[in-house]
Amino acid sequence: MSSFMKGTAILTIGMFLSKVLGLIYVFPFYAIIGEENVALYSYGFIPYSIMLSIAISGAPVAVSKFVSKYNSRGDYAAGRKLMKSGVFIMIGSGVVCFAALYLLADPIAGMVIKDDEQIFTTNQIAGVIRWVSFALLVVPFMSITRGFFQGYGHMTPTAVSQLIEQIVRIIVVLVGAFIMMRLFNGTPESAISFALFASFIGALGGLLVMGYYWKKTKPEFDLKLRESVDSGDFSYVKIYKEVLTYSIPYVFVGIASTLFQLIDMLTFNTAMAEIGLAKVSDLYLSMLNFTTQKIVMIPVMLATGFSMALVPAITRFYTQRKHSDVIETMDKTFQILLFVTLPAVIGISVLSYEIYAFLYSPSDMGAHVLALYAPVAILFALFSVTAALLQGIDHQKWIIFSLLVGILIKLSINIPMIEAFEASGAIYATTIGYIFTIGINIAVIVKVLNYKPKRLMRRILLIAILTAVMVAVVMVVRSLLGFILPEPNTRWIAMVYLFICGGVGVVVYGFLSLKLGLAQKLLGSRFERLAKKLHIH
């Protein structure tokens, strides 16, 4: 394996593990603070995520691309010049964004709370926003350091620091919340505030790791600097103009789903109060923006992990003007994405009650929101992949345009949809917004590459048929279990239903896809060996 591929694999695995940990901790955290208090946590985290994206401004990717580009020319001084000035800019960006979020906490809270019947007050929401804002002082500075290492092909520091940051944060979140709630009999607000402040502590852990790697690798950087050749006169204006062209599309891609969540956060309670449902508004919003969203993102993460691995190849083929290779690889990218996500999200919808009861607590409303929200995961994954493809073929400006169209549509129809369909309306509005965004992305790809997705359509039909067979078998098995077991109204009974039905679904879909050769064609030689080992021909 080449050093580049090895580094990319390390970074991908590190990011994947970090995201998995970021999903798993939610379930014990929910058990500690209780269902009714989850919304308060999400009220703090969504504004923080938006402000963090603004503070970082796509720095890791932009800096790594800039450094890598000029290092390949032997001009190591250009990257060091960017790093020296960029550190101060990122520190300044972090301080400004921290101050902005800290000072805007009250106005944001005022926009969220619309009725006295809601569970939380504006003071409580403003408080948790202020606690999480401290992480903005550290993360932007760390992000530019990660980008610099990646530019030199050193992916391990980024992967390790992300993992350590996440592990430290999760330990502090869970241990701190448990001590506050169970040992000190503290309020949920204090436990959640401390849990959000854990982002700052986790960031310090990640920063220490980056400091260790910087000290270890600096002699190599200094040696390269002494060997540097001059590839041109670089003013700071020229440097940052180039960096911004790299970073802006990544900012929009990174905050896409969070912007849709922010619209729900700022409009949901208003709409629910208008139709007399203020009492349940916070609870329903926590289901929409936090508990179900965490489950829905699991298949998205898996699908994009498989399919995004092909995007660099598409970029390379496009640069080399190998049109047929671009089309073939892009076809495969979409097929893999749908091969993974379609059965996963339909399975989640069918077993939504059992999944919600097992991971959280039995809830008809939670199951309903999850069942409706799960298929939207296909759109989340499609947006990530189509955006990456547009970047690969150098049409990234369309990402910004398409996302703005989707957000404006979501913003304009969200309140009417919620007033008409309650929590379901917010999901419908998100779906419509994403359909327009993805539609524009695909239209550009089709136009630029003269793409005709005939084979893709045939494969989608096959995947849909296999998924339908899987669902039919799972529903029969679940009905039969109903004669043997009580209703899945406890966590452990739900677990039995989930493992049996889910296991049957995986076996049926896996067997059929191997039997028809679909898995082998899409996922390669490992699955060919698996089919032979299982004697599936």
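Including glycine, each Cβ sits where the backbone N, Cα and C put it.
Heads up, TrEMBL stuff is auto-annotated, nobody curated it.
According to TrEMBL, the feature transmembrane segment maps to 9-33 (among others). Panel annotation: around the transmembrane segment (9-33), residues 1, 41, 150, 155-156, 158-160, 162-163, 165-167, 170, 173-174, 177-178, 181-182, 188, 191-192, 195, 290-291, 294, 297-298, 301, 305, 309, 359-360 of the same chain, lying at least six beyond its termini, place a Cβ under 8 Å from a Cβ of the stretch.
Long-range contacts of the transmembrane segment (45-67) within the same chain: residues 78-79, 82-83, 86, 90, 93-94, 96-97, 100-101, 104, 108, 129, 132-133, 135-136, 139-140, 143-144, 146-148, 150-152, 158, 196, 199, 239, 242-244, 246-251, 254-255, 258-259, 261-262, 265, 289, each at least 6 residues beyond the stretch ends and with a Cβ under 8 Å from a Cβ of the stretch. The feature transmembrane segment is assigned by TrEMBL to 45-67 (among others).
Residues or ranges marked as transmembrane segment in TrEMBL: 87-105 (among others).
Long-range neighbours of the transmembrane segment (166-185) within the same chain, counting only residues 6 or more positions beyond its ends whose Cβ lies under 8 Å from a Cβ of the stretch, are 18, 21-22, 25, 28-29, 32-33, 191-192, 194-195, 198-199, 201-206. The transmembrane segment annotation in TrEMBL covers 166-185 (among others).
Feature annotation from TrEMBL assigns transmembrane segment to 191-214 (among others).
Taken from TrEMBL, the feature transmembrane segment covers 295-315 (among others).
For the transmembrane segment (336-358), the residues of the chain that approach it from at least six positions outside its boundaries are 291-292, 295-296, 298-300, 302-304, 306-307, 310, 364, 366-368, 370-372, 374-375, 377-378, 381-382, 385, 459-460, 463-464, 466-467, 470-471, 474-475, 478, 488-491, 494-495, 497-498, 501-502, 505, 509, 513, 518-519, 522-523, judged by C-beta separation under 8 angstroms. Here TrEMBL flags 336-358 (among others) as transmembrane segment.
Here TrEMBL flags 370-391 (among others) as transmembrane segment. Within the chain carrying the transmembrane segment (370-391), a Cβ under 8 angstroms from the stretch's Cβ atoms is held by residues 249, 253, 256-257, 287-288, 292-293, 295-297, 299-300, 303-304, 307-308, 311, 314-315, 330, 333-334, 337-338, 341-342, 344-346, 348-350, 352, 355-356, 398-399, 424, 427, 430-431, 434-435, 437-438, 441-442, 444-445, all 6 or more beyond its ends.
Remote same-chain residues near the transmembrane segment (398-415) are listed as 248-249, 252-253, 256, 259-260, 263-264, 267-268, 270-271, 274, 387, 390-391, 425-426, 429-430, 432-434, 436-438, 440-441, 444 (criterion: CB distance under 8 Å, separation of at least six residues from the stretch ends). The transmembrane segment annotation in TrEMBL covers 398-415 (among others).
Annotation comment: TrEMBL describes 427-449 (among others) as transmembrane segment.
Taken from TrEMBL, the feature transmembrane segment applies to 461-486 (among others).
Feature annotation from TrEMBL assigns transmembrane segment to 492-512 (among others).
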